[in-house]
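Colleague: What follows is a structure written as structure tokens; I'll ask about it next.
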Amino acid sequence: RVSARFRRNLQPTLTYWSVFFSFGLCIAFLGPTLLDLRCQTQSSLSQITWVFFSQQFCLLLGSCLGGGFKRTLAQSLLALFASSLAISLVFAIIPLCHNVVVLAVVMAVAGLAMGCIDTISNMQLVKIYQKDSAIFLQALHFFVGFGALLSPLIADPFLSDTNCILANGTANASSNLPHIRKSLVPHHPGNLSHYDLPMKGMVVTRVSYAFWIMALINLPVPIAVFFLLYKERMVPCFNGSSHPLLSADELALETRPGDKDELSTAGQRPHTAAGHEDLFSCCQSKNFQGASFTYFAVHITGALVLFMTDGIVGEYSGFVYSYAVEEPLAVVHKVAGYLPSLFWGFITLGRLISIPVSYRMKPATMVFINVVGVLITFLLLLIFSSSVVFLFVGTASLGLFLSSTFPSMLAYTEDILQYKGCATTVLVTGAGIGEMVLQLLVGSIIHDRGSYSFLVCGMIFGCLAFTFYALLVFFHRMYPKPSPELDEASPEKAAVPEDTGQYQR
């Protein structure tokens with residue numbers, strides 16, 4: 001049944017997966033190329049690291065706004081086309097940015113595009129597959145991991161081995177360059193202020209070629225979205241009409257034509273607390289009318305779980321290198337540099353493994369295994385904090401357990417709400433806020449309390465994630481289930497699309 005639905009929705013599914021590859025390609029290139037971009041813009045380290053914040057803040061803003069493109073499939077696909085094309089243009093324009101402010105604005109545009117891609121792609125896959133969405137969400141998030149692995153590999157041959165601004169007295173600065181490159185932490189612009197690199201001189205960097213290659217690699221993605229628009233007759237210059245997304249009553253109408261009159265009447269009723277909205281629309285008072293306490297509790301606890309787990313991903317990938325090179329481990333810089341790559345590599349591997357696993361295992365069970373695994377891994381990292389070998393083992397283990405948390409939590413929460421709440425938008429926004437806020441928080445704590453607090457913070461966040469998950473399960477049990485009469489006759493039945501497998505317009 002699932003494979004039959006996949007075949008019927010093959011082109012849109014592959015398109016959403018390719019767009020998420022574009023998202024991953026854009027999210028991971030900034031760290032390794034930032035020193036070369038500093039040379040290109042002739043800015044200080046503290047100035048250039050604010051580009052991280054520009055991208056992440058606008059990514060969060062784009063995630064909030066992405067749900068606004070939900071009324072018609074044409075709106076969603078046009079937004080995805082514009083976003084994926086914007087990412088290719090950003091890659092092409094970055095080599096032309098010779099001012100740090102201009103670069104920050106360009107990265108802000110990229111962040112908005114990434115945020116829209118994040119929300120819309122998740123939302124559309126949930127709309128298409130509903131109860132079967134878990135396996136397709138796992139695959140979706142594998143592609144973002146694949147893109148995040150590929151972009152640093154593309155950039156690596158073009159990175160400068162020595163300081164890329166040639167000036168007097170650059171020898172000492174050049175010897176520190178590998179350590180500085182690994183110490184670049186997103187959203188924490190003050191952590192490199194003690195390094196002194198020249199700001200004036202002759203710029204020698206070849207990083208522009210890396211961005212142009214990534215622009216070409218990403219170009220097939222907006223073309224794929226355009227072909228989907230063309231196939232659905234939604235290209236404005238070819239067809240002026242747009243096709244509204246099928247609501248639950250219209251889907252029921254497709255499967256049971258005999259109920260046409262009844263459903264047509266029901267379709268005129270206003271939907272209360274239903275449908276996927278942007279974050280601001282979700283907060284409108286009309287959506288609160290008649291909603292139970294558990295309706296809000298499920299949204300909030302689900303978002304808090306991802307706030308913690310995505311925050312752990314951000315802070316661990318950002319600070320594990322700095323933790324490893326400090327006492328008591330004192331790992332050699334070159335060896336410690338493999339830790340972030342190992343972490344992201346096992347996140348990608350875990351997402352690949354989760355695709356077949358999610359077909360056999362319920363999303364709730366997968367989330368439970370993930371949060372318990374994160375807790376145990378941090379506990380063992382604390383116990384064996386003086387072991388370099390276990391740091392590598394724990395990093396790989398943490399990547400595996402964190403890999404499938406987001407898609408599993410999204411599928412689980414949407415199942416609870418019968419696909420009528422604002423779960424996708426709220427969860428994507430909560431995850432984005434957590435990744436930004438917890439990294440800033442951990443950076444400040446490490447600065448004040450030392451490197452060991454890095455693991456303590458991870459343990460605390462893991463405990464909070466488990467606590468919020470337990471609360472989510474509790475509220476799930478309290479959440480009102482649809483009555484048998486509603487399942488048989490109501491247009492609000494959430495499981496109806498399981499039988500149709502139709503691409504929702």
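A Cβ is built for glycine as well, from the same backbone N, Cα and C atoms used for every other residue.
Below, the features straight out of TrEMBL:
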- 483-505: region 'Disordered' (REGION)
- 14-35: transmembrane segment (TRANSMEM)
- 47-69: transmembrane segment (TRANSMEM)
- 76-94: transmembrane segment (TRANSMEM)
- 100-121: transmembrane segment (TRANSMEM)
- 133-154: transmembrane segment (TRANSMEM)
- 209-230: transmembrane segment (TRANSMEM)
- 293-313: transmembrane segment (TRANSMEM)
- 335-353: transmembrane segment (TRANSMEM)
- 365-384: transmembrane segment (TRANSMEM)
- 390-412: transmembrane segment (TRANSMEM)
- 424-446: transmembrane segment (TRANSMEM)
- 452-475: transmembrane segment (TRANSMEM)
Colleague: Quick one: do the transmembrane segment (209-230) and the transmembrane segment (390-412) reach 3+ CB pairs under 8 Å, ignoring pairs fewer than 6 apart in sequence?
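Modeller: No, since the transmembrane segment (209-230) and the transmembrane segment (390-412) share fewer than 3 Cβ pairs closer than 8 Å, they do not count as touching.
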Colleague: Is it true that the transmembrane segment (335-353) and the transmembrane segment (76-94) have 3 or more Cβ pairs under 8 Å, skipping pairs fewer than 6 apart in sequence?
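Modeller: Judged by the Cβ rule, the two regions do not touch, with the required three close pairs absent.
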Colleague: Can you work out which residues elsewhere in the same chain, 6+ from the ends of the transmembrane segment (390-412), have a Cβ less than 8 Å from its Cβ atoms?
Modeller: 122, 126, 133-134, 137-138, 140-141, 145, 302, 305-306, 309-310, 312-313, 316, 320, 324, 329, 331, 338-339, 342-351, 353-354, 357-358, 362-364, 366-367, 369-371, 373-374, 377-378, 380-381, 384, 423-424, 427, 431, 472
Colleague: Decide whether the stretches the transmembrane segment (14-35) and the transmembrane segment (365-384) have at least 3 CB pairs under 8 angstroms, with pairs required to be 6 or more apart in sequence.
Modeller: no
